[in-house]
């Protein structure tokens, strides 16, 4: 049976959105590579936003100087940008593979089956959300290169919102593995492999979302700390507490709602733990530089985040392994129900 007109239109729009996402990925990749080299139009190295070794407090105490707050070190920033670029590449490959599989199996006897497959894999809206993620991430890195920390914090906030929306869209369009295997074995056996692929993509994306939650806290507080007069230690505590509150909210939403769609959803908790561990190294450097008596409190707050993340990992693992058995009761017929009514 030939594809319906609705399937044809949706398939063409989906193909155009994937092409746009691929072009955006090429643009962002070239930008992220070029920004690492001097004399290419970028004034500063984006990863040296908080170089504590080059600070001289006796000489750089003017009002127009950037205040050095708690932030991750250059190696961590470079690794974060690199891993995000790899994640972008993996998502592009996922969309291309899904598009190829749909084109190779679009002959079906079911009306609008292609539209349902596209919706399950990642429709046009998720593609454009992915484009917004890449563009806002590019803007964030560019703002760091120009030392515009307030603009960088604003750009990263938009990036984080788009990243969250993209993850929720992918997860909520996902059926359970049993239903997906059953549907694809009966209708489209060629699409069965996308179940595992999408699960991997979702967990890797959630892992980076968990780490980005930590990055959101320190980047937002870095922008606030350089926009208003506020103590550096207050900014440091605010960064960790923002990370803690946001991570707890996201973890509760995952366990309460999103696990109904994807059971093996461990990525966010692993990213949350990696964020807590990654932030511990800058705190030790922060203590050495400022000789702050508050470093113990910072470590305690960060340890709470790590413990909570481990607790959520154990909770998700237990809920994933323990299968609830439904007990089926025999339906009551008319006679038995009348006897029960008489007894009552």
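Glycine is no exception: its Cβ is also placed from the backbone N, Cα and C atoms.
Keep in mind it's a predicted model, so treat the numbers as computed, not measured.
Look at the topological domains in Swiss-Prot: residue 4 and residue 285 end up on opposite sides of the membrane. Swiss-Prot assigns the feature transmembrane segment to residues 264-284, out of the candidate ranges 180-200, 264-284. Segment annotation: Swiss-Prot labels transmembrane segment over residues 239-259 (candidates 50-70, 239-259). Residues 204-224 are the range that Swiss-Prot records as transmembrane segment, among 99-119, 204-224. Using a Cβ-Cβ cut-off under 8 Å and counting only residues 6 or more beyond its ends in the same chain, the transmembrane segment (264-284) has close neighbours at 50, 70-73, 76, 171, 199, 202-215, 218, 236, 240, 243, 247, 250-251, 254, 258, 295, 298-299, 302-303, 305-306, 308-310, 312-313, 316-317, 320. If one looks beyond the transmembrane segment (204-224) by at least 6 residues along the same chain, the residues whose Cβ comes under 8 Å of a Cβ in the stretch are 49-50, 69-72, 80, 83-84, 87, 90-91, 140, 149-154, 156-157, 159-160, 163-164, 166-167, 170, 230, 235-236, 238-243, 246-247, 250, 265-276, 278-279, 309.
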